[in-house]
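A.B. asks: Before I ask anything, here is the structure I am working with.
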Amino acid sequence: MSAAQKPQIVFVLGAPGSGKGTVCKNIVDNYKFVHLSAGDLLREEQNTEGSEHGDLIKEYIKLGKIVPVEITCGLLKRAIEKSGSSHFLVDGFPRNQNNLDGWEKVMSECVDVKFVLFLDCTEEVCTQRCLNRGAQGSGRTDDNLDSLKKRFNTYSNETMPIIKHYDGKSMVRRVDSDRTLPEIFEDIKKIFTPLVSES
C-alpha cells in the first residue's frame, strides 16, 4: 500500500483543557477529517455493557493514569477501519512513550502520520476551562481539581517528551490556544489548507 493510499493521520496533543475537542470539531467542519478522540473511545468502551476492559479503563481514568496502549490502539484501529475515511485527527494520543511504541508496533505500517498539532496553553487557562466544563455538567469524572492536578503531572512528565520527540523530527505544528477560537482557527487554516490541497 503506497503512502498516498494509507489513511492520513494528524495527532492532536495539548494539556487537559487546551481546546483539543473544540479545535478538532472546527477542523472537521471545515476540512474532510474524521475526529477520533482516544479519551472518548475509552469512555465509550468503559460504558459498553459486557466490555472486557470497561472496569480497567474506569479505574485508570479515575486515577488520571494512562490506559494500557494495547487497549487504546485496538480501539483506534477499529474506528479507523470502520469509518472508511482517509483523513483522521487522532486527539489525545500518543500520550507517553508506551503509547508511541505501541502505535509504532501496531499502526506504523498501515497509516501515514503527517504531523502533530500541538495546542499550547497555560496551565491556568486550561484549569479554568476544565473546571467551567465540569460546572456546566460535562459529565466527566476527571473535570475536578484533584484529578486535574494528576492529569497535568501526567501531561508534563509523559506527554511533553512525546511532543519533543516529534519536534526533533520537524513534525510539530504549534498553535497558541490561549486565545479565542477565531484567532486559533486563523493559524489552523494556514496548517490544514496546504495539507488538504496536496492530498
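Glycine is no exception: its Cβ is also placed from the backbone N, Cα and C atoms.
Predicted automatically and left uncurated, TrEMBL annotations should be read as such.
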A.B. asks: Which is it, of 37-67, 68-98, that TrEMBL names as region 'NMPbind'?
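C.D. replies: Per TrEMBL, the stretch marked region 'NMPbind' is 37-67.
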A.B. asks: Using Gly21 (ATP binding site) as the reference point, find which of the binding-site residues Ile66, Pro94, Asn99 has the shortest Cα-to-Cα distance to it.
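C.D. replies: Out of the listed candidates, the nearest Cα belongs to Pro94.
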A.B. asks: At the Cα level, what's the spacing in Å between Arg133 (ATP binding site) and Arg140 (ribonucleoside 5'-phosphate binding site), rounded?
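C.D. replies: With distance taken Cα to Cα, Arg140 (ribonucleoside 5'-phosphate binding site) is 9 Å from Arg133 (ATP binding site).
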A.B. asks: On the 0 to 100 scale, where does the mean pLDDT of the region 'NMPbind' (37-67) fall?
C.D. replies: 90
